[in-house]
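I have placed the structure first, in the form of structure tokens, so that the comments after it can refer back to it.
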Amino acid sequence: MIALSCVVIVAGLGAWFHQRNSPAGVDRLVADWVHRLAGQHAALMEHVIRIGDPLPVAALVVGLALGSVALGRWRTALFAVVGPTAAVLVTELLLKPMVGRTRYGQLAFPSGHTTGTAAVAMVVLVLFLGSAWLTSPMVKALLALLGFGVSVAVSVALVGRNWHYATDTLGGICVAVASVLVVALVIDKVGGGPYGPPERGGRGLSPAAAGRPLRGLVPAERPDSGRHEIARAGRRDRWEPPRR
């Protein structure tokens, strides 16, 4: 439902701003508010924007993947790489050329910086919020607030430095959330396929898997082929065919 809502928002904004370069009313309101509050902190905003640069985002993705591999969590490593990569590719190669909204001659919708930052934050949130060992609602709320706060901080800095309109950053966040959740669901679905079963101690990648029992850890019982079960009374019994 969350992913679908994000897709609807992106589709609506994309249709609204298709081949349009002017800001919407909400863009002007947000820009005025940001400039009043943070207009004197241009240097700080420049540093915050750098969080969403391709190199820092790629470094975070590689770090998550290597950490997962070191722990033997191959599906988690796959998710850490594919989730943000899919989000950035959808933004840069599909939506930006399709929508065609520009700012200062550059394609602007959705924001690539916001997409990359929010995608990495979303990967971390999905992994931690869906883990079996993290049960504290307080810690989960703090993690969610931290991930949301980083994405909002980058968005505010982009608006404050006139790199993007507010609706560009909203589109980037929605693309990131939808892409990461879809990738998590797909990896969960194919968990018994080439990527192997879920790792011990996990409940799958997607939030929907949090309440499901673990799959693939216990071999499924095979149906009886006609043989009686061999008695286990401390001795070895021979199999005998069933009596008619």
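Each residue, glycine too, has its Cβ placed from N, Cα and C.
TrEMBL entries are annotated by machine, without manual review.
Per TrEMBL, transmembrane segment is recorded for 55-72, 77-95, 115-134, 141-163, 169-187. Annotation comment: TrEMBL describes 106-188 as domain 'Phosphatidic acid phosphatase type 2/haloperoxidase'. Among the features that TrEMBL reports, region 'Disordered' is placed at 196-244. TrEMBL lists 221-244 with the feature compositional bias 'Basic and acidic residues'.
Panel annotation: around the transmembrane segment (77-95), residues 10, 14, 57, 61, 64-66, 68-69, 109-112, 115-116, 118-120, 122-123, 126-127, 171-172, 175-176, 179-180, 182-184, 187, 195, 205 of the same chain, lying at least six beyond its termini, place a Cβ under 8 Å from a Cβ of the stretch. Long-range contacts of the transmembrane segment (55-72) within the same chain, counting only residues at least 6 positions beyond its ends with a Cβ under 8 Å from a Cβ of the stretch, are 80-81, 84-85, 88, 116-117, 119-120, 123-124, 199.
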